[in-house]
Every structure is written in C-alpha cells, then in structure tokens.
Amino acid sequence: MDKLWMRKKEELFREYETSKHGLSGEDAEKRLEKHGENKLREGKRKGIVQVFFEQFADLLVVILIVAAIISALTGGMEGTIVIITVLILNAILGTVQHFKAEKSLESLKAMSAPNARVIRDGEKMEVPAVKLVPGDILLLEAGDVAAADGRILENHSLQVSESALTGESENVNKSADLIEKEELPLGDRLNMVFSGSLISYGRAVVLVTGTGMETEIGKIANLMESAQEKATPLQRSLDDFSKKLSFVILAICVVVFGLGVWRGQALADALMFAVALAVAAIPEALSSIVTIGLAIGTQKMAKENAIIKNLRAVESLGCVSVICSDKTGTLTQNKMTVQKVFTLSGTTDADDVDCDKKQHRELIVTGVLCNDGAISGDAKIGDPTETALLSFCRKTGGHEGDIRGDYPRLGELPFDSDRKLMSTLHQLDGKILMMTKGAPDVLLSRCNKIVENDTNREITQKDLDRIIAENQALSSQGLRVLAFGKKEIGEQRRLTLEDERDLTFIGLIAMMDPPRLESAPAVADCLRAGIRPVMITGDHKVTASAIAKEIGILQEGDRAVEGAELEHISDEELRDMVKEISVYARVSPEHKIRIVRAWQENGYIAAMTGDGVNDAPALKQADIGIAMGITGTEVSKDAAAMILTDDNFATIVKAVGNGRNVYANIKNSIQFLLSGNLAGIITVLFTSLLGLPLPFTAVQLLFINLLTDSLPALAVNMEKPTGDLLNDKPRNPKESILTRDFVKRLVLQGGLIAVVTIIAFYVGLGENPGLASTMAFATLCLARLFHGFNCRGIRSIFRLPNNPYSYGAFAIGGALLMSVLLFSGLHQLFDINNALTATHILQIVGLAFVPTLIIQLERLARGR
Ligand code: ATP
C-alpha cells in the first residue's frame with residue numbers, strides 16, 4: 001500500500017472510515033477501546049523490593065545497624081530486636097511514602113494533562129488528548145503541541161518545530177499536498193505532523209493516523225521517563241546536613257566510648273553509651289517529614305487552583321520577590337464586551353450601532369470574518385477578544401454563521417502577538433478582499449486609505465491625528481481597542497505578510513475587559529509581602545496604565561514603558577532601570593525574557609506568567625514560570641513550573657503565601673525534631689561525663705524519635721498559613737535553613753528540655769538507677785510532646801490559628817507513653833522500672849511542662 005503521505009484525502013477517509021465531519025462520539029469510544037489511550041508507555045518503575053532496600057542505603061541507618069549489632073554482642077537482645085524492627089518499619093514507611101509521593105505527582109500530572117480540539121459529530125469540541133483515536137479530525141493552531149501523528153488535510157501557513165523528533169530546531173513549513181515519493185525521511189514528510197511537535201505558527205486540519213505507541217515518537221522513545229522526582233534544594237541541603245551530622249555523631253560516639261573506657265567503665269557499658277548517643281542524635285524522621293511537608297503543600301495548592309509541576313517549585317515559590325504578570329485574563333476578567341465603535345462618521349455607543357449604516361455593517365462583518373472564535377450554545381470557544389466580536393454581531397441582530405456562510409474564507413494570515421495583526425481572505429461583493437484586524441497603532445501605520453461615506457479615499461494627516469486621538473481617549477478609559485482594515489487583492493492567491501500594507505482603514509472597536517475583583521487586594525498583598533507586581537501586556541500603553549493604576553500596580557513615581565522603547569535600551573541599562581518600571585505595554589514575547597533577566601540580575605526571584613507559544617523561553621528563564629490553565633497554549637504549559645487552573649493573578653499570590661507557609665512549617669518541624677534530639681544528646685553526654693548510669697536505652701530513644709516525635713512534627717506541617725507570612729520580606733533562597741536565630745532557638749529549647757530531663761534523672765537516681773532512667777525517658781518524651789505546641793509558630797500558642805492535628809498528636813503521643821509506663825507487659829522491652837508511682841508520674845508531668853511554660857511565657861511577654 002502507498003505510504004500515508006502519497007495518498008489522496010478521499011482514500012484516507014475511506015481507509016480510516018471517517019470524513020471531514022469527524023467520527024461520531026460512539027465510534028470514537030469504540031476505537032478508543034480498540035487502540036487504547038493516546039499516551040506513551042511509561043518507563044519501568046522501581047519495584048517495591050528495590051525501593052524497600054534503598055531505604056537502608058543511608059549512613060544514619062548504617063549507624064543504627066551497627067548499634068543493633070553492638071547491642072546484641074553486649075547482651076541487650078531486646079534492644080537488637082527493637083532496633084531491627086524499627087528499621088524495618090521505617091523502611092516500610094519510606095516505601096509506602098515513595099509510592100504515595102509518586103501517585104500524588106501523577107495526579108498532579110493528570111490535572112495538567114493537555115486537551116486537543118477535534119471535530120466529532122460535525123462539531124468543534126475539546127477532548128482530553130489521551131482520548132484521541134485514529135480517524136479523528138484534529139484541529140491544530142499556534143501554541144499547540146501535536147497530540148498525535150496525522151496527515152494534513154487543510155493547511156494554513158502551518159509552521160512546526162519537530163526538534164523533539166528530528167533534533168532540528170528550525171521551524172518546518174508544512175503543506176497539504178501529496179508527496180509522490182516512496183522513501184521519505186521524517187523531516188521531509190511535509191504533509192504530516194507528528195506527536196510531540198510544537199505548532200509555532202498557523203493552523204491546520206489533520207486526520208489522525210497514529211496515537212499512543214503507534215506514533216513516531218512512540219516508536220523511538222518507547223519509554224517515557226516515569227514520574228520520578230529529583231531532590232529539591234531543601235531536601236538536598238538536608239541530605240547534606242544529615243551526612244555531616246553522621247560524621248559528627250560518629251566522632252562524638254568514639255570520644256564518649258574512649259572516655260568511658262579511660263574511666264574504667266566495662267567495655268560493654270561504654271559501648272552502650274556510645275550506641276545510646278548515636279540513637280539519640282539521629283533524626284530518623286527528618287527526611288520523611290520534609291517530603292511529607294512538600295507533598296501536603298502541593299495538594300493544598302492544587303485545591304486552590306495552582307498546580308505545581310514539581311516539588312522544587314514549592315520551595316522557590318516561597319522566595320518569589322517579583323511577579324511579572326500578563327494583563328488580559330490574569331489581572332482582568334477576560335470577559336470582553338464591545339462598548340464603543342468609531343468610524344470616520346463618529347464614535348457610537350455599542351447599543352446605538354446601526355447595521356443599516358454601511359460603515360457599521362462593514363466593521364461588524366470584518367470582525368466576524370477575520371475571526372477564529374465560535375459560539376456554540378452558551379459556550380464561547382476561542383480568544384475572548386474574538387468571541388466578543390461575535391457576541392456584538394448577534395447583539396446588533398446579525399449571526400456569524402450566516403455571514404461566514406455567505407463569504408467563506410479563502411486564505412489567512414493567523415494572529416501572532418509579535419505582529420499584532422490578523423488577516424483573512426474572502427470573496428465579497430464580487431471582489432477578493434483581505435480583511436485585517438489588529439492593534440490600532442500597528443494597523444494604522446499600514447493604512448494609506450480610509451473609508452468615508454461608502455467610498456475609499458487617501459488617508460490624510462488630519463484623519464490620522466483624529467484616529468490616534470480617539471484611540472487615546474478610548475484607551476485612557478481602560479478600553480481595549482482593535483482597529484480594522486481591508487484591501488483588495490485582485491485574485492485568489494496565497495497571502496503573504498507583504499500583503500499587510502497599503503490597507504484601507506475602516507474603523508475602531510473598543511471593548512471593556514474589567515479587572516478581576518480579586519486583583520486589587522492581591523496586588524496590595526504583594527506589596528505588603530515585599531513582592532513587586534509588574535504588568536506585562538501586549539495591549540496599548542494607555543489602556544494598560546489605566547488598569548494598572550486602578551488595581552495599584554502603577555504607583556506614584558513608577559514608569560510605564562513600551563516594547564518599542566526597550567529596543568533602544570541595552571541589557572545593562574534595563575538592569576539599572578528595571579525597578580522603576582511597573583508596566584510594560586505593547587511588548588513582544590522576546591522582551592519578556594529580557595525583563596525577567598534584568599530582575600534576576602538585580603538579585604530578584606522572578607515569577608512570570610505566559611500563555612502564548614512564544615512565551616516558553618521566558619517561562620523557562622523565570623524562577624517560576626506560570627502558565628494559564630484555561631487560555632494557555634500547551635507549549636506554555638509544558639515550559640511552566642506552575643499552572644493556574646483559573647488564570648487568576650490572585651491565585652499566584654495565594655500560592656506564594658502557601659509556598660512560604662510550607663517552608664515555615666518544614667522549618668518549624670525541623671526545629672522541633674532537632675531541639676528534641678539535642679536534649680537527648682546533652683543528657684547522655686552529661687551523664688557520661690559525670691560517670692553516672694546510662695539515662696536512656698536505645699529502645700527508649702527510638703520510641704521517642706520515631707513514634708512520639710513524628711506525630712507533632714506531622715501536625716506542624718498541617719499548620720495553616722497565617723497573615724504573618726505576607727508581612728515578611730521574601731526569603732533569600734541562598735540562606736541556609738540553619739540561620740543563627742534558628743540555631744540559637746534550637747540550643748535554648750534543647751537546653752531547657754535537657755535541664756528538666758536531667759532533674760528528673762536525679763530525682764529517680766535518689767531511689768535507684770533503674771528509676772532514674774525511666775524518669776529521664778518519660779520526661780524527655782513528654783517534654784518533647786509539649787514542645788510540639790511551641791514549634792507550631794513563633795507566636796504564643798494563644799495567638800495561633802486552631803490546628804486540631806496538634807492536639808491529636810499530643811493525645812496519641814501521650815497515650816503511647818502512658819501505655820509504655822503503665823502496662824507491665826511492656827516494661828521489660830522498654831526497660832521501665834517497676835518502682836514508678838503516681839507521684840513520680842506527677843513529677844514527670846510537672847517537669848516536662850516547665851520548658852513549654854517558660855517558652856510560652858517569654859512569648860507572651862514579648863508579644864506585649
Ligand atoms: P496580554 O499580553 O496581557 O495577555 P494582550 O492580549 O493584549 O495582553 P497579545 O495577545 O500579545 O496581548 O495581543 C497584542 C495586541 O494585539 C492586543 O493588544 C490587540 O491590540 C491585538 N490583538 C489581540 N488579539 C488579537 C486578535 N485575535 N486579532 C487581531 N489582533 C489582536
């Protein structure tokens with residue numbers, strides 16, 4: 001059989017049992033069952049066994065294994081069993097967590113999965129790209145990522161980047177013509193598109209010929225990388241910290257062991273001390289707490305309309321210090337309605353437009369023809385600027401379907417945001433006419449004639465001045481103005497960009513796109529949080545400034561600059577002046593990347609929004625690239641780190657707040673874990689130096705570190721954001737988590753807990769050494785449970801929002817401790833002394849509460 005690129009359309013329709021009206025929904029369902037979903041098979045995942053054993057490949061775990069062996073050799077068989085059990089439990093936990101994290105990443109991925117536009121049952125509709133089947137009629141346009149392989153049926157200047165397949169970064173001009181050649185390399189199959197290619201320009205109608213693993217990319221790639229996540233900077237710095245900690249612990253253990261032996265302690269006892277110290281010091285729960293904290297954060301953000309594509313972004317979000325945002329649809333509602341119409345006969349309110357007037361009618365017809373939007377039922381499909389023109393046509397009594405039926409499109413030059421124009425070709429009144437719409441300044445500079453009273457005449461300077469003044473007046477009311485023009489082409493032929501000159505000016509249409517209600521408060525939040533909001537838009541400077549002023553982005557002393565001005569400014573100059581500029585108007589996508597760089601060179605962490613196909617480089621350059629879930633192109637979503645499912649600026653600010661909160665929670669839980677461990681270390685060191693008996697056994701320490709300490713640490717991660725977080729300046733991403741303040745708090749709090757633990761130890765020692773250890777263990781455990789409340793935030797507990805998890809954590813931890821103390825069956829395992837009485841328990845509770853009391857009183861005093 002002939003190759004796909006050699007066959008005629010009719011043959012293909014027959015073979016794929018389809019037509020230009022597409023498949024029926026029912027047929028598509030059946031085909032989906034037969035061919036399977038349109039996605040690549042994922043790479044082989046790590047199996048459970050592998051993940052389980054990987055949990056043991058950690059220096060700290062190795063230290064624990066050595067401790068278990070030593071414990072066995074020195075006769076503490078229970079200790080060995082407990083340590084081994086704990087290690088196995090820990091590994092199981094780690095394994096479960098690994099797969100849960102993988103699953104949650106997958107669900108995030110599914111949320112950001114692409115859609116495809118198809119024709120089914122004769123109607124244009126959007127379906128998830130995974131549901132595409134061979135035989136579907138796929139509609140591609142600039143900004144899409146082709147979701148399947150297909151043969152081009154209709155081509156409108158389609159340009160495609162196939163670098164994913166061919167490695168060739170140049171755009172390829174596609175065509176719909178047959179190619180009569182049997183052997184043809186991929187790059188030369190000009191009438192085909194391949195899954196994974198980026199559509200950089202134009203539009204095409206394509207017959208899907210291959211989906212899923214049947215595509216060219218499926219054949220080469222065969223396996224897609226699975227949802228594995230690289231470690232985030234925080235995770236890496238903590239891994240690094242753990243490694244250093246391991247060496248320090250080992251060194252101290254050796255010293256303590258040497259000290260014991262030198263003092264004449266029995267070898268076995270000296271070893272026990274060393275083991276206890278190692279176990280006390282190792283923060284076993286640390287890495288899982290960080291991962292859980294990040295995961296909780298991403299889930300919460302997803303619920304609040306911000307889909308994070310990788311955990312790394314959660315951390316960077318908290319550091320964002322400048323947000324460069326698009327205007328249309330992000331700061332504004334993107335609900336455009338036509339307000340005013342201008343022709344040479346004057347400006348008219350939208351309500352008073354008269355279709356019988358030839359000039360008004362011509363303007364409406366041009367707006368409908370030079371337009372890719374559609375209205376189907378209540379749904380508006382396509383660019384809101386364009387659907388607004390269709391709604392306007394209906395409002396004046398017309399119907400876009402009739403107009404488009406009367407004057408079918410013969411050719412086109414699609415809109416692009418660099419050129420800011422769009423043109424289409426039609427037969428109208430016996431003439432072949434090109435209709436053009438676009439930004440007024442651009443279109444006007446290409447006009448040499450103007451329509452007046454049904455005739456065309458040369459445009460004069462006076463006309464130009466009048467139109468410019470009118471555009472200015474409409475824009476300064478915050479209206480978005482489009483200009484319309486036409487040109488006789490003479491014959492039906494392919495349009496080129498050269499055609500978009502010597503146009504005849506028809507008129508202006510101004511539409512209103514009101515700011516979102518949330519924008520002004522969100523901008524105020526940004527400013528309070530030390531984050532600079534900047535507006536970057538393709539719209540007119542006057543329109544942009546009016547809206548920026550209204551929502552608070554453009555303030556006294558700030559500047560608004562046009563893209564054209566940027567052309568004359570060097571990168572160095574831009575770097576020096578970037579902080580003065582709050583509004584960039586009429587920019588092209590390549591300006592965006594310069595603006596981001598300029599901010600970054602000033603040391604800022606930049607978030608940047610983008611929706612178009614050309615925005616991808618700027619989104620990649622930004623520290624946090626943000627794509628629009630509703631209106632964004634697939635290419636932009638691909639390049640972004642975060643996707644807004646509601647396209648809303650306020651969601652970005654909320655996400656930054658959440659990012660800060662995640663970091664604060666993780667930091668607080670680290671503080672909680674490390675200060676508790678420090679208390680354990682100090683106590684062991686103290687007793688070892690004074691030659692006192694061992695205060696805790698390894699089993700007791702593991703009980704605290706793994707069980708009772710994990711709960712409050714988890715609860716801290718569930719802490720909700722408070723308004724406080726937006727009162728601070730953004731965090732410096734280079735700043736280590738162990739700041740001086742942090743270490744100071746750590747030492748003070750760990751010290752306090754150690755002091756009460758040592759007091760409890762002495763109280764018990766008065767009776768017998770066994771009781772001393774039991775009292776020290778119970779006090780350390782309970783004091784750390786209380787300390788969980790201190791670590792919820794830096795405010796006093798009375799000034800924090802409610803967090804039921806923290807009470808739950810305390811209750812469960814307390815119950816676990818009490819069962820160990822009170823059930824005699826557990827006494828042997830945990831080395832609990834039988835002499836423990838109710839009085840002792842009261843003493844334990846009293847002592848354990850003291851550090852928290854002191855810390856809270858200090859906060860109350862300071863708060864006042
Ligand atoms: P933002 O960058 O904030 O999203 P924008 O929509 O104005 O704003 P672009 O899409 O780059 O940015 O559009 C640039 C300009 O091109 C617009 O201000 C408008 O004048 C013109 N324009 C926008 N959409 C169309 C269109 N579909 N056809 C013709 N001209 C358009």
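In case you wondered, yes, glycine gets a Cβ from its N, Cα and C as well.
Over in TrEMBL, the protein carries these features:
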type     : residues : note
DOMAIN   : 3-76     : domain 'Cation-transporting P-type ATPase N-terminal'
TRANSMEM : 51-73    : transmembrane segment
TRANSMEM : 79-99    : transmembrane segment
TRANSMEM : 245-264  : transmembrane segment
TRANSMEM : 270-296  : transmembrane segment
TRANSMEM : 670-692  : transmembrane segment
TRANSMEM : 698-716  : transmembrane segment
TRANSMEM : 746-764  : transmembrane segment
TRANSMEM : 770-786  : transmembrane segment
TRANSMEM : 807-830  : transmembrane segment
TRANSMEM : 836-855  : transmembrane segment
Range from 245-264, 270-296, 670-692, 746-764 with the greatest count of C-beta pairs under 8 A to the transmembrane segment (79-99): 270-296
Selected stretch (most C-beta pairs under 8 A with the transmembrane segment (698-716)) from 245-264, 746-764, 770-786, 807-830: 807-830
Stretch among 245-264, 746-764, 770-786, 807-830 sharing the most Cβ pairs under 8 Å with the transmembrane segment (670-692): 746-764
Close approaches to the transmembrane segment (746-764) from elsewhere in its chain (Cβ under 8 angstroms; 6 or more beyond its ends): 671, 674-683, 686-687, 692, 695, 771-776, 778-780, 783-784, 787, 790, 833, 840, 843-844, 847-848, 850-851, 854-855
Non-local residues, at least 6 beyond the ends, that sit with Cβ under 8 Å of the transmembrane segment (770-786): 672, 676, 679-680, 683, 693-697, 700, 703-704, 708-709, 712, 753, 756-764, 809-810, 813-814, 817, 821, 830-833, 835-836, 840-841, 843-845, 847-852
Positions whose Cβ lies under 8 angstroms from the transmembrane segment (245-264), at least six residues beyond its ends: 59-60, 63, 270-271, 273-275, 277-278, 281-283, 681, 684-685, 688-689, 691
Intrachain neighbours beyond the transmembrane segment (807-830), with Cβ under 8 angstroms and 6 or more residues off its ends: 78, 82, 697, 699-700, 703, 707-709, 711-712, 714-715, 774, 777-778, 781-782, 785-786, 788-789, 836, 841
DSSP-derived helix, strand and coil totals, residue by residue, for the domain 'Cation-transporting P-type ATPase N-terminal' (3-76): 43 helix, 2 strand, 29 coil
The domain 'Cation-transporting P-type ATPase N-terminal' (3-76) [mean pLDDT, rounded to integer]: 84
